[in-house]
Structure formats: structure tokens, C-alpha cells
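Record features (Swiss-Prot):
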- SER27, ASN114, THR159, ASN289, TYR321, GLN326, LYS329: 2-(N(omega)-L-arginino)succinate binding site (BINDING)
- HIS160: active site, proton acceptor (ACT_SITE)
- SER281: active site, proton donor (ACT_SITE)
- GLU294: site 'Increases basicity of active site His' (SITE)
Amino acid sequence: MASEGDKLWGGRFSGSTDPIMEMLNSSIACDQRLSEVDIQGSMAYAKALEKAGILTKTELEKILSGLEKISEEWSKGVFVVKQSDEDIHTANERRLKELIGDIAGKLHTGRSRNDQVVTDLKLLLKSSISVISTHLLQLIKTLVERAATEIDVIMPGYTHLQKALPIRWSQFLLSHAVALIRDSERLGEVKKRMSVLPLGSGALAGNPLEIDRELLRSELDFASISLNSMDAISERDFVVELLSVATLLMIHLSKLAEDLIIFSTTEFGFVTLSDAYSTGSSLLPQKKNPDSLELIRSKAGRVFGRLAAVLMVLKGLPSTYNKDLQEDKEAVFDVVDTLTAVLQVATGVISTLQVNKENMEKALTPELLSTDLALYLVRKGMPFRQAHVASGKAVHLAETKGIAINKLTLEDLKSISPLFASDVSQVFNIVNSVEQYTAVGGTAKSSVTAQIEQLRELLKKQKEQA
């Protein structure tokens, strides 16, 4: 058992901590990844202590030198975590004392693990968001550039998983790119709101030692300083916001994955996944399974669960710090790791995807042009509701005769409406169909080209802000 007296907080305790309690209380296995940012925060705080007259110049130099040594040990993988190390803060402070002696005990003057850990977490997540944003922008770029290259490929568009209208393959790709751009913007907004410095808030009442928080803000590259110490040490809005944005991002990636899973089936055959992003069956030798996409789809549920877990932790807490908040790190670290992996795999899938243009063209059946038949009558002056009915009658007549709608004779069509004339034959042309959707956001080539250019500009802007 670990002695209570060995703890940073052990002065008023006697005896030893129950071993199961020790295990439950420890977070070092999870929060080791905070090691570097914890050292950064300590270096900044040491400088603030020296400015406040708590540390001498010599003491500051010894502390900074010791912290640099600890940072080097972590980076080389030689830092030895001991059983008594309750968390990353305890581990680093214990090691600092081993290196420089009792002077290390001055570093925590006026500082609490309450403001220390939330500062560490913000520092790490700001960096993590930058990495995630870079991977996300690469995925968006891959979608956009593929859309530009394959702009002349036409496929059926679907609603309710039923054939609806002809669209450009590029329109499909860009629909996902646009959703992901919103996710990129949201990540930037979360990072901006996260950049509020909590260090210097103490346990809950603030810092009594005239610590220069502006110095801390500048040293740690935060945009502003927290307004209220009680709020600063307990707020985890930034964790919830990041997990919420991650949830939306995973919804969009899951939708993309589901679309491509369907399109890659033998029944559709629109796309073929690269072997690098597929697996086989242990029993069925003919199988090529889209496991990469299925895993992306399933990871969405994992991220949703992490958000729900953090929300449930927060919803019953009183003000200021409570140990419940220790649960935030495992959840958010897992989501960061999941997003980082998923985005790279998604980019790989899109960049190596084989498009089967011939199969897409075969699926462009004449019934997809039924709406165009109604629009033909609208352009002849018929109200749309009447034109919709007339087109529906043409579909029914073709089904009754057992022929495709484009095989109806002019006489057949005239029996439905006298407005049909010989030029109706132009309706049954796939390219003409997609080219009529010229309004902003439509699937005409001019509109898709405009979307591509606008997305390129948005990508450039987002990259500058990432």
C-alpha cells in the first residue's frame, strides 16, 4: 500500500490508501500524454513565480533545467513512472525533486492541480485540433480534386435509396466535401473558444501571490485570460464542444462510408475499393469486404458514446472541481485518436477508389427522366402540379405496355396532353437533363465547376487558420 504521507496532499492523513482505491484514483496510465504540456505549463508558472519574487533567479534556472531534463526523458521514452505517481503532475514533480532537491517544492506555490490539469488539457487539445484539422482538410481536398478530374461522369442520384434523377458523380463527392467544410469551420471555432487561460486560478479562489497572468497567457500562447477562477477550474465546455463537433464529423463520415459501401456492392458496382483498404473472408475466397468503410461507420458510435459519457459526468456536478472530471481525459483522448486515424483512412479510400463509369451509365435508365418530362410541359405553359400528373400517367402507360418511358410514341404522349410535340425527344437525353440544373448549387457542369472553385477558396482559407 502507498503511504498517505507520500502524497502531495498527505499531510493531514495517516496510514495507507486502500490498494483498490489507489488503483481507482490513479490516472497516470491515461494522462501520461499530458507530460510535455504539463512541463510547458510548469515552466511558464516558474517564470511567473520568479517575477512575483517567490523564486530567485538561481532557483528559476535550476527548475527550468530540471524540467528540460524531464522533458528529454519523456521524449526518449526513459522516464520511469513509479507506483506512487498518482497522475502526470505528481510524476513530474516527484522527478523534479529527485533532480534538483527541495527547491522543486516551490514550483507548486499558489498553484493547484485544479488549474494545472485544465491548462494542460487545453494546451494538448489545441495542438490536437490542429492535427485533426490538417487531416480533415486533406480529405476535403481529395474529394474536391477528384470531383474536378471526374466532372463528366454521370450517375443516378437517389432519394429513399430509390433512383431519382441523373447527377454528376462530382456532385455526389462535393456534397460530402461541403458537409466536411462545415466541420472544419466548427473545429476552428472550438479551438478559438478554447484559448482562454485558466492557469492562475488556484484551487477555486484565485492566486494570492500577485502572479502575472498576462505573462502566463503570453508564455503559453492563449488568446485571453479566464474571467472567474471558480468557473475556470471546473468548466469543461471545451471538451463537450470538441466531442460534439467530433460527433457531427463522424456522422458525415459515416454517411460517406455508407454511400460507398452500397455503391461498392455487386448489385451496384459503381465503385471498387483498393485492396489496401479491403479485407477478405476466412471462409469465402471470393469476398472483398469494405472493412475500412465499415470501421469508419462503426467508429461513429464509439465517438457518440464518449460524448454521452462526458455529458453524464458533468450533468450532476456542483460548482468548482470534483474528481469526476478525471473521466474527461480518457474520453477526449480516445476521440482524438479515433478521428486522427479515421480521417487518414477515409482520405486513402477516396484517393484510391476506382470509379466504374460504365456501370453508372448502365444504371441511368429512362425512368430517371420522368421529372424532365414534367418540366417539358411546364416550359410549354402547364402548371407544375398538372405536369406532374401528366408525367406520372406517362410512367404508368409505359409500365402497362411493358416498355421504357422513352419508347412511348408521340401519339401515346399526345393522348396524355396535346402539349407534347416532336421536340419531346430531346427530353430523353441524360446530358441535357443534368445540364438544365444551372442554378447555384446544381449539378450542371457550370454549377459544379463553380462549387469546386468556391471549395478551393474555402480550403485555402481554412488551411491558413488551421
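Yeah, the Cβs are placed from backbone N, Cα and C, and that goes for glycine too.
Given the structure is predicted, the values throughout are model-derived calculations rather than measurements.
Feature map: annotations from Swiss-Prot on the structure.
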residue : record                                        : contacts (Cβ under 8 Å, 6+ apart)
SER27   : 2-(N(omega)-L-arginino)succinate binding site : GLU86, ASP87, ILE88, GLN326, LYS329
ASN114  : 2-(N(omega)-L-arginino)succinate binding site : SER201, GLY202, ALA203, LEU204, ILE233, SER234, THR320, TYR321
THR159  : 2-(N(omega)-L-arginino)succinate binding site : none
HIS160  : active site, proton acceptor                  : none
GLU294  : site 'Increases basicity of active site His'  : ALA257, ILE261
### Task
Could you tell me which of these binding-site residues, ASN289, GLN326, has the fewest other Cβ atoms within 10 Å of its Cβ?
ASN289
#### Entry: Where GLU294 (site 'Increases basicity of active site His') sits in the secondary structure, as DSSP reduces it to three classes
helix
### Recorded 2-(N(omega)-L-arginino)succinate binding residues, SER27, ASN114, THR159, ASN289, TYR321, GLN326, LYS329 - maximal Cα separation rounded to whole Å
51
#### Entry: Neighbouring C-beta atoms (10 Å sphere around the C-beta of TYR321 (2-(N(omega)-L-arginino)succinate binding site))
20
### Query
Which of the three DSSP states, helix, strand or coil, fits ASN289 (2-(N(omega)-L-arginino)succinate binding site)?
strand
### Three-state secondary structure, GLN326 (2-(N(omega)-L-arginino)succinate binding site) (per DSSP)
helix
